[in-house]
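Scroll down for the structure; my scribbles are underneath it.
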Number of protein chains: 2
Amino acid sequence: MKTAMIDETHNPSLTSWVGSANGHSDFPIQNLPLGVFSAGSELPRGGVAIGDMILDLAKAGRSGLLTGDAQDAAIAASGPTLNPLLALGAGPRRALRRRLSQLLATGSDDRRIVEGLLYPAENCTLHLPAAIGGYTDFYAGIHHALNVGRQFRPDNPLLPNYKHVPIGYHGRASSVRVSGADVRRPNGQRKAPDAETPTFGPSQRLDLELELGIWIGPGNDLGSPIPIGEADSHIAGLSLLNDWSARDLQAWEYQPLGPFLAKNFLTTVSPWIVTAEALAPFRTRQPARGADDPRPLPYLWDETDQDRGAYGIALSVLIRTTRMREEGQAPHRLGTGPATNLYWTAAQLVAHHTCNGCDLNPGDLLGTGTISTPDDSGVGSLLELSRGGKAPITLPNGETRAFLADGDELILAGRAVADGYVAIGFGDCRGQVTPALAL
Amino acid sequence: MKTAMIDETHNPSLTSWVGSANGHSDFPIQNLPLGVFSAGSELPRGGVAIGDMILDLAKAGRSGLLTGDAQDAAIAASGPTLNPLLALGAGPRRALRRRLSQLLATGSDDRRIVEGLLYPAENCTLHLPAAIGGYTDFYAGIHHALNVGRQFRPDNPLLPNYKHVPIGYHGRASSVRVSGADVRRPNGQRKAPDAETPTFGPSQRLDLELELGIWIGPGNDLGSPIPIGEADSHIAGLSLLNDWSARDLQAWEYQPLGPFLAKNFLTTVSPWIVTAEALAPFRTRQPARGADDPRPLPYLWDETDQDRGAYGIALSVLIRTTRMREEGQAPHRLGTGPATNLYWTAAQLVAHHTCNGCDLNPGDLLGTGTISTPDDSGVGSLLELSRGGKAPITLPNGETRAFLADGDELILAGRAVADGYVAIGFGDCRGQVTPALAL
């Protein structure tokens with residue numbers, strides 16, 4: 001298992017001459033996440049976030065400041081998607097990171113030139129970082145699986161396959177959108193448990209799902225599985241992901257082939273790929289399995305992966321209702337929990353996905369599944385918080401929510417933290433609920 | 001509901017000066033299906049099958065023989081995928097068909113020029129007709145659902161949602177291949193019902209699934225459902241589709257989120273899009289629902305669709321084992337059944353898929369689900385024929401099959417027939433099973 005190395009780009013004493021990058025920014029010089037942006041009417045191209053600025057990778061590629069692999073990476077990132085850059089793998093990505101770290105560091109001799117590559121983020125539009133050929137959503141958040149399973153099977157919440165197979169399904173790539181897209185409440189079929197027949201109309205149980213998104217780098221050819229020991233080198237980086245879900249549609253449609261219209265109306269990702277390189281200091285040991293847990297089959301097991309396969313990322317869900325917005329209140333934090341609450345590592349998800357020969361390609365997106373805490377301190381869905389809708393939560397202003405109401409704005413946030421390192425963030429993963437289309 | 005009209009291109013007395021198109025060809029002048037081909041080292045581009053020849057649409061676009069919509073269609077089909085042509089919708093597609101019908105008809109004044117646009121199909125490579133952004137597989141073959149359901153729930157084979165909701169799930173677009181691709185037996189996790197723990201290894205229950213593939217034309221924007229009355233205009237045409245399935249992987253993995261690795265190792269489609277225009281004479285009344293069947297919700301119901309929503313296509317499955325090949329035997333026909341054995345029409349699948357706002361895009365592919373007869377005369381999977389593997393079938397040469405063996409070649413065939421019209425075919429949907437990768 002090759003893991004991204006910790007090097008001078010992670011030095012906690014590094015600061016940037018971009019002042020907004022120092023202090024509590026999501027994007028200090030230790031982060032340097034990759035995305036796609038446009039300014040005014042110019043064409044979208046790759047960029048790197050630094051404080052409240054964006055460095056233009058297309059311009060950087062023409063600046064004469066880069067050479068070798070770093071230059072190749074910038075050229076690959078000069079178009080409207082990062083797929084060509086993701087296809088190059090870790091080497092060029094790391095070379096670009098190291099060079100940009102030098103150029104953006106306090107004291108850089110090239111500051112005057114680099115200033116010409118920067119745009120204020122507030123004047124830019126952010127786009128999906130890649131053209132997503134395939135989107136797969138997993139179910140690796142074990143406390144989510146337990147919390148939800150308990151609502152249906154109190155004595156036996158996990159299905160027999162859960163601790164053997166990383167459960168996943170194909171999502172819809174075409175409806176993945178970048179943070180900020182409205183989530184229109186979907187219409188659909190649903191049948192109340194006591195109703196004779198289904199009806200068609202707006203979902204009454206619209207929910208969020210807090211997940212991490214995993215962006216695939218080089219990938220594999222059809223028929224050539226990625227061994228667990230090599231899986232890490234195909235993970236380009238992470239984003240936040242909100243797998244919006246219509247629980248009433250899901251309950252009625254999902255047997256026997258799984259979720260479909262309950263999920264494919266929208267999936268939101270945060271705009272920046274926080275790279276595997278940036279995340280290296282925040283890798284941590286995968287939580288130990290229980291004494292009674294089965295040891296996974298060999299194709300899913302790698303000691304190095306167990307040692308470094310989890311991510312020390314604090315994940316939060318915030319909500320702001322229409323009334324809160326009107327009254328000028330800040331979003332309310334529903335909870336915060338660690339991303340270590342995953343039963344399977346990202347490498348295990350990649351190895352499993354490809355073990356039958358299925359191909360993964362640059363720009364493909366994997367969702368981890370909803371990440372929740374065992375208790376209510378950091379759960380990733382209202383389905384869990386409201387006990388399947390039976391126990392609505394009360395917000396500080398007295399409003400209650402079993403599921404999402406029109407006008408609610410949901411914000412996912414993430415922050416990677418580790419002793420001795422500068423914390424890095426992900427940027428918002430945000431969406432506001434708009435009313436269903438009239439029938 | 002706008003349906004493709006029957007016009008002079010369907011005239012049964014029309015013949016072509018391409019002699020091989022007359023007689024029992026899949027591709028008489030009444031068909032003119034769309035595909036992507038390459039000749040030698042030339043770049044792939046759009047083509048039209050006529051007898052045993054392929055007409056080059058890129059060259060046709062430069063020939064001076066086309067004008068207006070027909071010319072626009074040929075230009076859109078000049079690249080390596082038909083997505084731009086599919087995006088144009090029925091008008092330009094129909095104009096191209098009408099003009100090509102004139103040019104290829106016996107007695108055409110332009111024969112000498114058109115001859116320069118033709119390539120012998122045997123010298124060409126066929127490619128996927130479109131870059132498939134999204135692939136969705138449905139479960140609309142009601143006898144398949146009944147046959148399989150009976151194996152698990154003899155008294156109650158259909159789940160309660162089946163006759164209300166067109167059940168579907170997202171498949172994997174990246175592993176769709178054109179006819180001829182080998183199907184490598186997938187490795188994967190499976191657990192025998194009486195085993196304590198799962199094992200990893202080659203699937204021992206590899207199966208085929210006989211389906212129709214539906215190619216999407218213009219499609220819709222996210223958030224803008226396609227009403228049932230307009231759905232037909234988004235269906236560009238049909239292919240044959242083999243949804244190869246590993247039943248043992250499927251049984252172990254599919255709860256609660258549906259099939260995943262059991263399906264995504266390969267899906268095969270026949271190379272030609274038999275257009276909605278070509279299929280117009282073969283549209284027929286959707287089989288009447290039973291007296292006890294629920295009337296579908298209004299968003300799924302359109303009288304014109306019921307009147308014309310089924311396709312009179314005879315679908316066949318043929319097998320050729322290694323021994324049959326070695327002994328020079330022709331493929332053995334396992335059965336033939338009608339494509340009318342679908343509980344939901346293609347328009348209902350499109351309307352359902354988009355009713356929540358999910359977008360469909362040009363080149364997207366929908367599978368109907370396995371199409372089977374109530375009896376064994378035309379079932380679309382070995383799971384059904386062999387009663388879940390318990391009753392292996394015997395081939396004419398004495399070999400038996402519960403599921404597919406390495407070396408088996410499977411061929412799907414389809415033929416649209418209607419009184420008073422020349423039958424049209426689809427071309428093969430073929431694949432041979434190769435051994436699993438060594439572990």
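Cβ coordinates come from backbone N, Cα and C, glycine included.
Secondary structure from DSSP puts A:H144 (active site, proton acceptor) in a helix. Annotation comment: TrEMBL describes A:H144 as active site, proton acceptor.
According to TrEMBL, the substrate binding site annotation covers A:Y139, A:R153, A:Q250, A:Y254, A:T370. In the three-state DSSP classification, A:Y254 (substrate binding site) falls within coil. Every protein chain shown contributes to the tally, and the Cβ of A:Y254 (substrate binding site) ends up with 22 other Cβ atoms within 10 Å.
A:K263 (Mg(2+) binding site) falls within neither a helix nor a strand when secondary structure is assigned with DSSP, and so counts as coil. The Mg(2+) binding site annotation in TrEMBL covers A:D243, A:K263, A:T267.
Look at TrEMBL and you will find A:137-433 tagged as domain 'Fumarylacetoacetase-like C-terminal'.
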Residues from the recorded positions A:H144, A:R153, A:Q250, A:K263, A:T267, A:T370 that lie close to chain B, Cβ under 8 Å, in sequence order: none
Distance from A:D243 (Mg(2+) binding site) back to A:R153 (substrate binding site), taken between C-alpha atoms, in Å: 24
Distance from A:Q250 (substrate binding site) back to A:D243 (Mg(2+) binding site), taken between C-alpha atoms, in Å: 13
Length of the line joining the Cα atoms of A:H144 (active site, proton acceptor) and A:Y254 (substrate binding site), in Å: 18
Proximal but sequence-remote residues of the same chain as A:K263 (Mg(2+) binding site) (Cβ under 8 Å, at least 6 apart): A:D137, A:G171, A:R172, A:D243, A:W244, A:S245, A:A246, A:Q250
Least Cβ-crowded entry, counting other Cβ within 10 Å, from the recorded positions listed as A:Y139, A:H144, A:D243, A:T267, A:T370: A:Y139
Cβ within 8 Å of the mean position of the Cβ atoms of A:D243, A:K263, A:T267: remaining residues of the chain near Mg(2+): A:D137, A:G171, A:R172, A:E209, A:L241, A:N242, A:W244, A:S245, A:N264, A:L266, A:G367
Cβ neighbour count (within 10 Å, all chains shown) around A:R153 (substrate binding site): 11
Other CB atoms, at most 10 A from the CB of A:Q250 (substrate binding site): 21
